[in-house]
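Enquirer: Per TrEMBL, signal peptide is recorded for 1-21. The domain 'DOMON' annotation in TrEMBL covers 44-158. Under the heading heme b binding site, TrEMBL lists 205, 241, 274, 310. Under the heading transmembrane segment, TrEMBL lists 206-224, 236-257, 277-294, 306-326, 341-364.
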Ligand SMILES: *[C@@H]1O[C@H](CO)[C@@H](O)[C@H](O)[C@H]1NC(C)=O
Ligand SMILES: *[C@@H]1O[C@H](CO)[C@@H](O)[C@H](O)[C@H]1NC(C)=O
């Protein structure tokens with residue numbers, strides 16, 4: 001039995017090794033070229049193979065992108081002076097109508113590029129491309145610029161329509177295909193350069209905002225609406241509500257600021273709706289904080305209008321917050337479980353709110369009945385639901 005297990009694990013391990021090896025170091029090129037170094041890039045099923053020649057500082061390179069259809073372009077680029085797409089010095093492979101692929105160079109000037117052919121800032125010799133079993137391989141010899149051997153690089157795949165390369169998708173694989181490559185050490189940093197820290201900052205922004213605007217604020221509103229129906233919760237509900245919303249606002253502003261910074265840093269990528277909702281949320285949230293300071297005395301005749309204003313702005317903030325968390329999740333495109341987790345939290349809060357809503361009405365109606373029997377209708381601050389309910393503030397505030 002033990003021997004059998006050993007055999008099975010040996011087979012498994014050797015399969016694993018060969019499948020890795022076939023992916024990278026032992027891949028057989030059609031011209032039998034041997035490359036000393038190979039790295040599998042972290043996204044988009046791509047591999048980079050090369051030989052570096054220190055004497056003339058050239059790199060014989062093969063970029064292999066697997067699973068490419070005959071209506072897709074692929075590209076790999078060094079970004080010598082910057083990072084990411086703008087400034088990329090790209091080797092592009094685009095399909096011909098007869099099934100072959102043609103290679104050319106394209107210097108990417110802006111996000112609106114259609115990858116038109118142009119010269120690069122450094123020389124590339126012997127550029128060509130081929131299609132083999134669904135892989136596209138681009139070959140070329142780079143004459144490394146600037147006395148360096150370490151660079152930011154990017155790689156990409158996109159559709160070809162009417163013979164011209166079209167814009168690639170904006171999924172997470174497409175946005176994370178950036179990194180660093182060192183032709184001497186053979187190291188390719190996954191998401192190095194801007195990529196890693198950008199992803200980290202996006203995640204931070206997402207967590208801060210999902211927790212503050214997306215969870216704490218709805219909870220704070222529920223505290224206000226449902227705790228105050230209990231006489232014993234006066235005036236505690238008011239202070240819990242304030243602490244909850246002020247905390248949410250504080251964390252939310254930090255999240256909002258990281259969002260603005262992300263927006264200004266990612267030139268050319270615009271998430272207009274997400275951004276505008278974010279700005280509206282910050283404005284309304286700030287108004288709520290100031291409204292707290294400006295609220296009329298409990299027995300003031302305008303207090304009812306203040307309550308209506310405060311509650312309607314509050315509900316608007318919560319609806320927009322939840323919508324914007326979903327917008328953000330679509331942009332960040334993390335693993336599905338995060339979206340499911342957030343949906344779970346929202347459904348849970350919704351169910352709790354529905355139960356408490358029913359319970360609140362039950363208590364309020366029962367109280368009314370008792371008061372009616374005692375001839376006390378209309379004199380109690382707890383005697384109504386809805387907006388008037390907020391008179392409960394009075395004792396506290
Ligand atoms: C660079 O040098 C290597 C050997 O060191 C040689 O094989 C290669 O052809 C040279 N490349 C160019 C472009 O001169
Ligand atoms: C395929 O088309 C390209 C460009 O149209 C041409 O350069 C190439 O020679 C063709 N190849 C074959 C095998 O027909």
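Here the Cβ of each residue, glycine as well, is placed from N, Cα and C on the backbone.
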Enquirer: Ten-angstrom check, please: count other Cβ atoms within 10 Å of the Cβ of residue 274 (heme b binding site), all chains counted.
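Expert: Taking every protein chain into account, the count is 19.
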Enquirer: The transmembrane segment (236-257): which same-chain residues, six or more beyond its ends, come within Cβ distance under 8 Å?
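Expert: Those are 205, 208-209, 211-213, 216-217, 219-221, 223-224, 227-228, 230, 278, 281-282, 285-286, 288-289, 292, 392-393, 396-397, in sequence order.
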Enquirer: Reported in the order helix, strand, coil, what are the DSSP residue counts of the domain 'DOMON' (44-158)?
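Expert: The counts are 0 helix, 65 strand, 50 coil.
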Enquirer: Pairwise over 205, 241, 274, 310, annotated as binding heme b, what's the top Cα to Cα distance to the nearest Å?
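Expert: Largest pairwise Cα separation, rounded: 27 Å.
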Enquirer: Tell me, roughly as an integer, the mean pLDDT over the domain 'DOMON' (44-158).
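Expert: 94, rounded to a whole number.
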Enquirer: Of all the binding-site residues given, 205, 241, 310, which has the fewest Cβ neighbours within 10 Å once its own Cβ is left out?
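Expert: Among the binding-site residues 205, 241, 310, the lowest count of other Cβ atoms within 10 Å belongs to 310.
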